[in-house]
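**Student:** Starting off with a structure, shown below.
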Amino acid sequence: MAKRTTTFVCQACGAVYTRWQGKCDACGEWNTIAEEASPLASAPAAQRPGRKGRLVALETLAGGSADAPRTPSGIHELDRVTGGGFVRGSVILIGGDPGIGKSTLLIQAAAAMAGRGERVVYVSGEEATGQVRLRAERLGLAGAKVALAAETNVEDILATLSDDPPPRLAVIDSIQTMWTDAVDSAPGTVAQVRGSAQALIRYAKTSGAAVILVGHVTKDGQIAGPRVVEHMVDAVLSFEGEGGHHFRILRALKNRFGPTDEIGVFEMTGRGLAEVANPSELFLSERDLGAPGTAVFAGMEGTRPLLVEIQALVAPSPLGTPRRAVVGWDSNRLAMVIAVLEAHCGVRLGQHDVYLNVAGGLRIGEPAADLAAAAALVSSLTGAALPADAVYFGEVSLSGAIRPVAHAAARLKEAMKLGFKRAVCPEGGREPVEPGLALAATGALAGLVADIAAEAPRRERREDPRREREESPRRERKDDPRRERNEPPRRESPDRPPAVTSRRQDG
């Protein structure tokens, strides 16, 4: 009789070990290695007779090609992210934090497709069919002809889907709750998730049905389970959003049939998720036009231009080590921008706490936000409010130069459409300029810093008369060594720009 062996598998990355250990050497995670039983082998691999292979028909690249047939979901923002709809036979993995709205979005998409006469099956492994029906009633979708099932066994699910004509869309919520008889381990383990995903992907390719797999996420925001599942599926979508904000971002991290980094914007309402046709207006709806430390960034999310407000706060630090906090942007890029400001622009931030926030909870990953972040930092430090009708974009290099970025014309067109009159951008752009939009092209960050500092308010310090009388004897002291030696006052080095410090005074 064959002996059953035991292996230890990392639940985060799928690495296999012969014994348990606290830290996974492959991914660096702690306490993610769990014991799993290996499948029984009736005979060694060398003694088992091998299956004779069959010939596979080969084709050339010169053959005819056609666009993949797609099925629109009925939700425009979802179709934008997927590239125009669900490709037949494709498998999509969608992940997001608990309660972010994944099931709500998929219920709405399933109801919209069923309303057009398409056959849609929704399989829930976490809720009973009555609970799914209650959510549909709350969303006003009780009359949708969506076939519901509550099952976790993959073989039973595939038998149900194969009994009738294949559905146009099958939703599996969630892949971590599924288990297959072919794998001898508990549901949710790496082996079960991988085996269940393989069986569902095989069904999608053979039947032509589009399959959506809902995935859990870890505390770091990554989709839970083995990384190999993300390589197996055709598209990976991430549903993002902050608890304190009423909108959600659906982002394409991988898409074999469409652009990546494309986003769809939704607003959470009492009737479910509503589409946002113009996200820039949503992100800029609550701007404080006269406040220092705010700059409008003209960014790109996939193929969509998007204007968002970047907020900065620079305050004197009571601590020996100033604090640097950032929300919605890369903290490493913030540290780089601060270093460039200090090294090449004379901006003194060593004794100040720096806080940077992307308004609305949006996460920005492109380097084009460097210029807007730098402008917001200098504006907060000097107390000079930036022009309310100006947008900023450009990449800051370590030498202090402003480098051009892609899709400048699309950024400028979006700014012009929302009523902005000026754009501060890099020099050397070859794309056409929108009429009626004034460009302030800059090649160095020091020039922009000087322009902002020149507009800083100059307030005279109002002293208390009693404090003036108390401090007058101190000013008349003769024990200053520099006075005795008649030394001139210290000046900045001629090869460094003048220091830009805070102009905020106590009133």
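Quick reminder: no glycine exception, Cβ is built from N, Cα and C everywhere.
Automated prediction, rather than curation, is the source of TrEMBL annotations.
Not measured: the values here are computed from a predicted model.
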**Student:** Can you dig out which of the ranges 254-258, 269-273, 394-398 TrEMBL describes as motif 'RadA KNRFG motif'?
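**Tutor:** Residues 254-258 are the ones TrEMBL records as motif 'RadA KNRFG motif'.
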**Student:** Could you tell me what the rest of the chain brings near the motif 'RadA KNRFG motif' (254-258), counting residues at least six beyond its ends with Cβ under 8 Å?
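**Tutor:** Distant contacts of the motif 'RadA KNRFG motif' (254-258): 68, 70, 81-84, 87, 90, 230, 233-236.
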**Student:** When DSSP states are folded down to helix, strand and coil, where does Gly99 (ATP binding site) land?
**Tutor:** coil
**Student:** Within 10 Å of the Cβ of Asp97 (ATP binding site), how many other Cβ atoms can you find? Include all protein chains, please.
**Tutor:** 17
**Student:** Non-local Cβ contacts of Gly96 (ATP binding site) (under 8 Å, 6 or more apart, same chain)?
**Tutor:** Lys102, Val217, Ser238, Phe239, Glu240, Gly241
**Student:** Show, in sequence order, which residues other than Gly96, Asp97, Pro98, Gly99, Ile100, Gly101, Lys102, Ser103 on the same chain lie with their Cβ within 8 Å of the centre of the Cβ atoms of the ATP site.
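**Tutor:** Near the ATP site, the remaining chain residues are Thr104, Phe239.
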